[in-house]
């Protein structure tokens, strides 16, 4: 018999049988060796064949191994083993059986039939385990589905459904799928489409994270619970595993061969299987190379004939990009749109999946946490969908609580570090012999014993609390298993088991859980095991940088004295500081309009009066850093074409992928201060873009993504009307001054732009009394720089007065003061430090000498 007529799997098994014979020191390769190799072959046909025939493959393996151990062993064969006469006879019989069936190649399942028909040890073992020619022949027919073996790789295509799909109905029976809450309309629509005669293939389309895959899992659960029409009862839902289908397909045509195997197996099932293809768009173009047919085209005939019941799932963008372009594929699917659930529906979904997260993380998730996860994620996470983003919040909050439970509590950790510190000191003092050291050692020993006692008591308490928590989790896990068991009993109609669980085990476990929970509530001091709305807010703040947690007392006080904080840096300008402070307080108190930015202001005034400085002070107050603001110099946007830099270039232009300067900055940091400096210098088209930001708190970038501006403070500065402010300052009160300036502003900006700004703030010119305070603020920065180099500096009142007089200019504001400090203080100081006149460690005094500021030590 020619060995090249064996299929690939059979040839591999023969090589394995040779190795097995060598390993057992047998002189010949017996049928037993080959049968053992076939049984243990990964992805082989023999093991599933025997299972299909109702034979215990495990028992057969044991019997064959015992028979192998009884075979005669020969030492010094030198690695040369030959097939025995028995094996040659069985292989020839395989050839005969293959020819009878019209096969071009000999497949491994025929070896079992041939072994039964020939006499020998293997035939006796097979018959003892219940194998007969009749049941093996029937199992072979069932496996082949009326097909012949026409190529060497035929066996690789078998069991394709088992290799390349995941059985969702089986997972639902085992209770491994999360419960699906709501989505009744979408599941009903999917069932309606599946019940059609032709084109019975629904495709679920929706944004990422709305629960498309969950709908199919819900369908699988309904099928096993019998909550579907007669036409769908008993069906299996199989999810196609594209990763397994593509992985390892090295040669041209191998992928197509595997997919063809899946489609053939599905055809054999005669409509009893619903195939679920997640990320359906991956099928279009999969396996395509140099004009080869892709997976999408291979599916079309089966879909059109109704042989394949398929449910697809893909996102809106990918459906448009891949499926709609292929009209022939699109018409074979029926669209089922899956919308994002409302906040109320999301709360119901979260309540349904809550128990799974509690079991995994061993924590308790409170109802306020669930409500907070749904409402806060809906408001603050704009670029993702419910319920996915809310589930992620719950998951991460539970994970952080679990991490705290597993790690040592802070109180214990602090005591532990203190004990180590005291022990080190004790070791050092034991080497000393003087009286003071001995006295200190006695005191130290006393403190050490006290700390160790405290530590052991706390450790006991911590261990008891951990044990209490793990006890609760064990009961919860048992209760979950009991609920799965009652469902399984209900499906098979085992009433005795149902009553035993429903009226015996489950009430008992619930009673135990209630008792354990009460005990847990009383004793918990070191460990937190509850996820509350505060934890959800913490996680959200970490994700987005938006402070949504309840305000601590310190933050309340800080917000109430916000004006004083800002006045440390911005001198005068009370109206501007009040306007900004009130906007921030409204936002943190939850009174601001949720669909607009926190505040939008137009700062008007002469140069150098503190417009930009107030923005920096606000960023510092909110984020502890001057850099935490998006600063855009509008003088860069004077040309019409430069507007696209703010939101990103349109498709087809260079830089399209990079995104916009303004939109990208806000996407990365949604809670920020946006400063549009010198806004009147920008092109008028820029203001058209800003209208959406100021009114609705959103902006669409060049790639079509909506960017959320609702948590930003938008501040625009301008010099418009500054000449009026300079001229009439002192003559008019603030209200009249503002009215005059607004008249100038209305000539430069459109009414719809001014109308959308929360407040237009007019800055006063600075007086001499303000300049002295500003001089002190600027000198403090100089003192800080000198302190780092070891110099201490003081300025006399006369020197400060002279500096203020020299630095005051009503037209240019505070900027000339900076130049005065540079020329009159910094330049002479630099020379004296470099020449060695001023040395570190001694106080430098700045005094007036002949109308000049001099530094002396």
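Cβ atoms here come from the backbone N, Cα and C positions, even for glycine.
Quantities reported herein were computed from a predicted structural model and do not represent experimental measurements.
Summarising the annotation, Swiss-Prot assigns ATP 1 binding site to 206, 207, 208, 209, 210, 211, 212, 213. The ATP 2 binding site annotation in Swiss-Prot covers 605, 606, 607, 608, 609, 610, 611, 612. Residues or ranges marked as coiled coil in Swiss-Prot (evidence: similarity to another entry): 391-525. Here Swiss-Prot flags 6-71 as region 'Repeat 1'. Swiss-Prot lists 83-146 with the feature region 'Repeat 2', giving sequence analysis as the kind of evidence. Among the features that Swiss-Prot reports, region 'NBD1' is placed at 159-340. Marked as region 'Linker' by Swiss-Prot on the basis of similarity to another entry: 341-545. Sequence annotations record features per position, and here Swiss-Prot assigns region 'NBD2' to 555-765. Positions annotated as region 'C-terminal' by Swiss-Prot: 766-857.
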Measuring CA to CA, name the entry from the binding-site residues 606, 608, 611 that ends up nearest residue 208 (ATP 1 binding site). 611
Within 8 Å of the Cβ centroid of 605, 606, 607, 608, 609, 610, 611, 612, the other same-chain residues by Cβ around the recorded ATP 2 site are 613, 717, 763, 813, 814
Quick one: of the binding-site residues 607, 608, 609, 610, 612, which has its CA closest to the CA of residue 213 (ATP 1 binding site)? 612
Is the region 'Repeat 1' (6-71) in contact with the region 'NBD1' (159-340), using at least 3 Cβ pairs under 8 Å (sequence separation of 6 or more) as the test? yes
Mind checking which of 206, 209, 211, 608, 610 has the fewest other CB atoms within 10 A of its CB? They're the binding-site residues. 209
Chain-internal residues, separated by at least six, CB under 8 A from residue 611 (ATP 2 binding site): 576, 603, 605, 717, 763
Residues other than 206, 207, 208, 209, 210, 211, 212, 213 within 8 Å, Cβ to Cβ centroid, of the ATP 1 site? 315, 338, 340, 385, 388
Of the binding-site residues listed as 606, 608, 609, 610, 612, the one whose CA lies nearest the CA of residue 210 (ATP 1 binding site): 612
Mind looking up the mean pLDDT for the region 'Repeat 1' (6-71) in the predicted model? 84
Spatially speaking, which of the binding-site residues 206, 209, 211 is closest to residue 610 (ATP 2 binding site)? Use C-alpha to C-alpha, please. 209
Provide the three-state secondary structure of residue 605 (ATP 2 binding site) computed with DSSP. coil
C-alpha spacing of residue 609 (ATP 2 binding site) relative to residue 206 (ATP 1 binding site), in angstrom: 53
